[in-house]
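Q: Below: one structure in structure tokens.
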């Protein structure tokens, strides 16, 4: 079998390569147009934006050979953009023309009743009840989707409906999850990031005889009106703060209100020198990052974050240990992986400049699916607010890390990590943030009663305050092109008191992109509370998972018992 993978030059294609090795299939990469003639089966692991994909294919001389390959009748498996390029065009880039094999266009999700991008795990529904036509998919499983643009299920259009294989519902929109006709099979979700269920899909397609992959029976046309509730699940994310310890080794650590060094009990009797040494505080070591990542994948985490909180010795591209961590984690973890730390314009010690886009690209090629930007996002919004706009948010100039990375890889690849802290003011405060005030509840903590506060943004790990509110920041980065907010809380970090629900609700109400609640989880019930009271898409925890105080399985069992939909293994 001549299995080839097509890389048009952008995004995380390494994860698919790792997945194929995991399930025991050998492959080669398409390196020139001539390779299409050698291929007897082809997988297009499309990651990124529609325009970037089309331009990448054209610039490498691969666009027409790809069209000819598909027309030849040889098996083709497209993933995400690899499915969308089969259509005539996409609203994401109207001037970029697709292959036109499916006579329809890719549209944009509405955010009237939901957050966009569609980011997370969702189910599929079959149009054909015959299990032999299911291509390894299981209606009881969830698959990982991450996209803002979709192919609507046009069941009344015979030319389009004949391609429909399965559908998925998000909010009140029903779209094509997979297409199947003749030699073409493609999916909107990422099987390489869908855990065991996704690996089964890839393996099932590859284990078919090539003749079976090249043919398919006609599909029934079935009306599929939206159901009252979709199959979208809430995500549970495990986060690992990675930094060098005092010996120079990369370890996973966890802070209390951002302090990652051990605190010493003054009653310590180990001697004066011992007390002084420990008072300085060794970096908390809660494990090795790759080992913990694999553990959380096995335990059912829906997504993993690796945040590099060490100052780079040289530059992100020369910080080889962290890149090695990403590569190693991507070899054993088949769920989405977010990497944070140092995603910005940098200059090497020898004067060589590197753009944020280049830095992000290195992490994507190493196996990351999303990059997280923190301090640079605050500065970008401060800069955009200097250019007034009618909506009061400001205007970007196209040069920020958020804008350049989102343009190349799609907004779903950009996460902004926010580090706000409370600023207490009098209840009759009449300052610039009066419309964002949160008021203490009469039955709330004593220190909050009779008080009001707003949330101020910080940079550099909470060490520096900025004249910017959390609402100003999240509205700004949404406009710049961020696809998700990772919402931390300096006040709640490491306390185990639960998420700051006032903060989470405030942010959720002001933007239409997904929000991940972070900081403060101490028990499984805190996850139930944040989902029920704020309707965020995901919740993250670190220390309680690292120390095994609460298990991911316990969290999901508690959520299911409360009627909250989550992915199960």
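Glycine too: its Cβ is placed from the backbone N, Cα and C atoms.
According to TrEMBL, the feature active site, for GATase activity maps to 80, 190, 192. Residues or ranges marked as active site in TrEMBL: 241, 419. What TrEMBL records for 5-197 is domain 'Glutamine amidotransferase'. According to TrEMBL, the region 'Disordered' annotation covers 210-229.
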Q: Do any residues of this chain, six or more beyond the ends of the region 'Disordered' (210-229), have a C-beta under 8 angstroms from a C-beta of it, and if so which?
A: 1, 40-41, 73-75, 125, 127-128, 133, 153, 155, 158, 161-165, 167, 169, 172-174, 180-183, 185
Q: Taking the Cβ of residue 80 (active site, for GATase activity) as the centre, count every other Cβ atom within 10 Å, in any protein chain shown.
A: 26
Q: Do you see any of the active-site residues 190, 192, 241, 419 whose C-alpha is within 10 Å of residue 80 (active site, for GATase activity), and which ones?
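A: So the list reads 190.
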Q: Could you tell me which of these active-site residues, 192, 241, has the fewest other Cβ atoms within 10 Å of its Cβ?
A: 241
Q: Using C-alpha atoms only, work out the spacing between residue 192 (active site, for GATase activity) and residue 419 (active site) and round it to an integer in Å.
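A: It is 31 Å, counting Cα to Cα.
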Q: How far is it from residue 419 (active site) to residue 241 (active site), counting Cα to Cα, in Å?
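A: Residue 419 (active site) to residue 241 (active site), Cα-Cα distance: 14 Å.
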Q: Please list, for the region 'Disordered' (210-229), how many residues fall into helix, strand and coil according to DSSP.
A: 4 helix, 0 strand, 16 coil
Q: Expressed to the nearest Å, what is the distance separating residue 190 (active site, for GATase activity) and residue 241 (active site) at their Cα atoms?
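A: Between the alpha carbons of residue 190 (active site, for GATase activity) and residue 241 (active site) there are 26 Å.
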Q: Enter the number of other CB atoms within 10 angstroms of the CB of residue 419 (active site).
A: 26
